[in-house]
Amino acid sequence: MTLTVTRSGRAAHAAPPARWRGRKVQGWLYAAPTAVIVGVLFLAPLVLVVWMSLNRWPLLGPATFNAPDNYLKIADNPLFVDAVVFTLKYTVITTVLLSGVALGLALLVQERRPGIAFFRTAFFLPGAVGFAAAGLLFYGMLNNDFGPIDPMLQALGITGEPVKWIGTPNMALFSTITLVLWRFAGFNMLILLTGLQAIPTEVYEAARSDGANRWQIFTKITLPLLRPTLALMLILSVTGSLLAFDQFFVFTNGGPDNSTVSMVMVVYRDAFFRFDLGGAAALSVVLLAALVGLNTLMMRRLR
Amino acid sequence: MSRYLTLSALAVLFLFPLAWSGYASLEEPSNYLEMAGFGEGLDTYATNSVLVSVMTVGGTLVVSALGGYGFARFDFPGKNLLFLATLAILMVPYATILIPLYVLLGYLGLQNSLVGLSLVFVMFQLPFALFMMRNAFEALPRELEEAALVDGCGTFRAFSRVLLAAVRPALITVGLFAFLASWNDFFAPLILLNDGSSFTLPVAVVSMTQHTFGAVDYGMLQAGVMVMALPCLILFIVLQRHYVRGFMSGALRG
């Protein structure tokens with residue numbers, strides 16, 4: 001019995017035995033489609049984006065080398081400078097709230113009890129809806145004339161008149177974050193659940209028999225052991241928020257007065273409204289470098 | 001008991017928007033008729049979305065199953081490099097390479113093409129899919145393959161006749177993730193498709209809010225939301241087990 005386990009365990013990870021080698025050509029054939037897709041659609045655009053950023057590259061017509069103009073003019077792009085500030089603010093608020101809500105949900109549904117599967121599904125379900133669809137849903141739901149939220153709040157006496165859900169910069173940010181929490185809390189709950197379930201129950205039992213109370217168990221056992229999973233969730237949330245596009249394009253359309261224009265929205269506008277692909281490529285390179293750097297840093301610090 | 005009260009209140013908060021959208025879309029059944037006639041017609045957009053999803057799911061399954069088998073069972077030069085290059089797709093923010101992809105697809109004659117869009121989706125799915133499939137093939141006992149080879153099958157026949165059936169759960173998981181991503185994505189089709197008749201549902205329905213003169217028809221908009229959301233909701237509920245498993249094994253260890 002032990003023998004079989006060791007054998008299959010080794011077979012899964014050790015290098016294949018001699019008679020499996022010498023099949024290099026076949027191996028390459030199986031991997032060829034992967035290599036083509038990765039080479040043509042990932043590595044080539046990665047090189048191309050750098051090359052484009054060194055050129056004046058209009059949407060139509062020939063490109064001309066103009067380095068480093070595209071990079072120099074980033075600082076003069078007021079829309080982008082504002083977008084950096086706005087996106088950072090959005091990222092911090094979203095990440096803090098999303099982590100809190102997701103952790104709360106995960107703790108509520110972590111134990112197997114009757115009916116708990118229903119609640120897990122209910123919390124996750126918005127995550128199956130596309131982000132564009134979710135944005136349009138909120139766009140209707142928070143509309144003053146058509147949506148149900150204003151009449152409900154008024155009937156409860158919470159507000160007297162219709163709320164400008166996306167009419168002021170702060171409310172637009174607040175409403176967008178509500179949308180994002182609704183759409184992503186369940187997804188992040190699922191991430192944290194996988195981490196919570198990896199904590200052996202013996203650890204909890206030992207702590208309980210040592211007389212630890214609930215709060216001590218949470219701060220001294222659950223949180224430290226959940227650290228790698230929390231780190232992963234933070235990285236995903238920070239990256240996703242810094243690259244926010246759909247929610248602002250669909251739900252607030254950058255408004256009011258360009259107060260909710262995210263960094264990626266500026267890239268999009270530069271490329272397809274100002275027809276300046278070179279400028280958009282330079283912004284992309286800056287974003288890419290910043291995010292790869294940030295991810296590496298976060299992985300080192302948090303794991 | 002108080003836990004269940006909290007849970008129920010939260011469940012109402014999370015499910016209310018979906019329920020409301022369904023109700024609002026049906027309040028006037030003509031919403032669906034109006035939407036069916038919007039722009040190039042709902043049938044055009046739905047067909048485009050289905051085509052893109054089918055090509056993405058099919059392409060992802062074929063490429064990742066072949067690749068996963070190759071990575072799990074063969075040794076070849078450049079193997080580790082290729083695997084790392086594939087995983088690096090996860091590190092590079094998706095939005096930053098869509099501009100060069102738009103230009104590149106132009107060189108390949110695939111601009112404004114559903115095939116080009118699907119290929120881009122396959123690329124974005126590949127790190128997760130390849131990782132899942134490699135692990136699935138590695139977990140199979142070697143005896144299964146050896147038996148097929150002894151029976152006179154070549155490796156490809158062993159792969160297609162015997163092994164593929166054994167990794168079916170992983171294929172379902174990979175297919176589900178590929179479907180949800182390609183059906184729902186908004187940014188890639190917005191950039192890569194520039195002609196109304198090739199729009200997928202998300203781009204087309206969002207354009208309802210921007211291209212209608214005067215007032216936005218909110219009822220029709222919610223009908224659009226339902227058409228987009230229902231397939232995903234149903235598929236997720238039916239295949240939930242596979243989604244969660246993919247999450248545990250692949251999505252997290254990447």
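Every residue gets a Cβ built from N, Cα and C, even glycine.
Annotated features in TrEMBL:
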type	residues	note
TRANSMEM	A:28-52	transmembrane segment
DOMAIN	A:84-298	domain 'ABC transmembrane type-1'
TRANSMEM	A:88-109	transmembrane segment
TRANSMEM	A:121-142	transmembrane segment
TRANSMEM	A:171-193	transmembrane segment
TRANSMEM	A:230-251	transmembrane segment
TRANSMEM	A:271-294	transmembrane segment
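With a cut-off of 8 Å between Cβ atoms, the residues of this chain six or more beyond the transmembrane segment (A:271-294) that come close are 49-50, 52-60, 63, 66, 70-71, 73-74, 77, 80, 238-239, 242-243, 263-264. Across A:28-52, A:88-109, A:121-142, A:230-251, the stretch most heavily in contact with the transmembrane segment (A:171-193), judged by Cβ pairs under 8 Å, is A:88-109.
The stretch from A:28-52, A:121-142, A:230-251 with the most CB pairs below 8 A to the transmembrane segment (A:88-109) is A:230-251.
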